[in-house]
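> Structure below; questions to follow.
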Amino acid sequence: MTLARCDDIATADPPDRAAAARRLSLWLGLALLATMTASLATGAAGASLWAALGDLAQGRPLSRMDETILWSIRLPRTLMGALVGAALATSGAVMQGLFRNPLADPGLVGVSAGAGLGAISAIVLGGALPAGAMALAGAHLVPLAAFAGSWATTLLLYRVSTRGGRTSVATMLLAGIALAALAMALSGLMIHAADDQQLRDLTFWQLGSLAGATWGKLLASAPIILLALMGAPFLARGLNALALGEAAAGHLGVPVQRVKNLAVLSVAAATGAAVAVSGGIGFVGIVVPHLLRLASGPDHRMLLPNAALLGASLLLGADMISRTIIAPAELPIGIVTAILGAPVFLWILLRRRMVVDL
């Protein structure tokens with residue numbers, strides 16, 4: 001069997017599934033454009049996207065209010081929401097392929113908690129760093145710290161739950177629970193050391209929010225997320241082969257250890273940068289890959305890019321709900337994704353209860 005044959009197996013049932021996945025990519029791309037436009041047009045303030053576009057088309061300058069709301073608030077928030085949603089969904093798809101089980105997700109197995117610990121540590125303790133180190137890290141300090149936390153958690157989780165090339169779902173979940181509990185406990189210690197302003201920010205941030213989106217935060221996190229997203233498709237063939245087991249993948253000529261290392265690095269980078277700017281947002285990484293597998297099959301060549309598109313649209317939709325349902329106040333977006341995602345996840349488990357076995 002060759003690696004190309006392994007890809008054929010991933011798309012063989014039903015025969016037209018690959019074509020359906022490509023059509024789905026087109027629709028998901030259009031849906032993302034629509035949700036991004038709707039996000040720019042949605043908000044408690046009275047700025048109108050359509051009036052602003054009309055002014056620009058006629059060569060008139062934007063009013064100060066429109067420029068502030070649309071350019072400085074809504075646009076970075078929209079772009080950040082799309083990037084965070086894409087990062088979380090793609091990370092979930094990569095983790096499920098790496099661990100070869102449907103329950104792997106950055107939020108469920110402690111990776112997001114590890115990233116949160118890194119970010120909280122940087123926020124609370126960053127002022128104690130030498131001035132030279134602070135100047136060197138700049139706005140990248142929190143994303144880099146979150147990446148370090150998520151990378152360490154992902155690597156430790158893989159080491160603990162994998163034996164002889166096979167991953168135990170039960171061990172993975174138990175290890176994830178333990179790592180998440182440890183990370184949350186250490187985060188609690190960090191929060192106790194925070195001042196009042198840091199405490200208010202961290203409390204809202206822990207529930208997940210895009211309210212603090214700025215161009216500075218976007219420019220700090222976007223390069224890390226984009227590099228991880230651009231690298232993920234190169235893992236697709238390796239993840240398809242890993243579905244047969246590590247030994248079989250090695251016989252197919254797949255550099256198994258390299259694929260695993262790159263997968264861990266990709267998940268850690270994407271999750272760390274996403275959590276650093278948005279806080280804890282659950283269920284995106286586990287629900288999106290499941291829905292796409294039901295719709296278009298398990299082939300990672302289409303699953304990974306489609307997960308990025310659907311994850312971005314889903315998170316932007318949740319963000320629009322969070323900032324309009326109790327306007328002018330807003331809910332933390334993590335509450336919205338949990339309310340929407342938990343029932344979908346339970347439905348998936350009920351549909352596949354004979355497949356998901358610890």
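A Cβ is built for glycine as well, from the same backbone N, Cα and C atoms used for every other residue.
Pulled the feature table from TrEMBL, pasting it below:
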type	residues	note
TRANSMEM	26-53	transmembrane segment
TRANSMEM	73-95	transmembrane segment
TRANSMEM	107-129	transmembrane segment
TRANSMEM	135-158	transmembrane segment
TRANSMEM	170-194	transmembrane segment
TRANSMEM	214-232	transmembrane segment
TRANSMEM	262-291	transmembrane segment
TRANSMEM	303-325	transmembrane segment
TRANSMEM	331-350	transmembrane segment
> Under 8 angstroms, Cβ to Cβ: which one of 73-95, 107-129, 170-194, 214-232 has the largest number of such pairs with the transmembrane segment (262-291)?
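By Cβ pairs under 8 Å, 73-95 leads among 73-95, 107-129, 170-194, 214-232.
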> Please report, as numbers and ranges, the same-chain residues at least 6 past the borders of the transmembrane segment (170-194) whose CB is under 8 Å from any CB of it.
99, 101, 103-104, 108-111, 113-114, 116-117, 120-121, 123-125, 149, 153, 156-157, 160-161, 202, 206, 358
> Out of 107-129, 214-232, 303-325, which stretch has the largest tally of CB pairs under 8 angstroms to the transmembrane segment (73-95)?
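Against the transmembrane segment (73-95), the leading stretch is 303-325.
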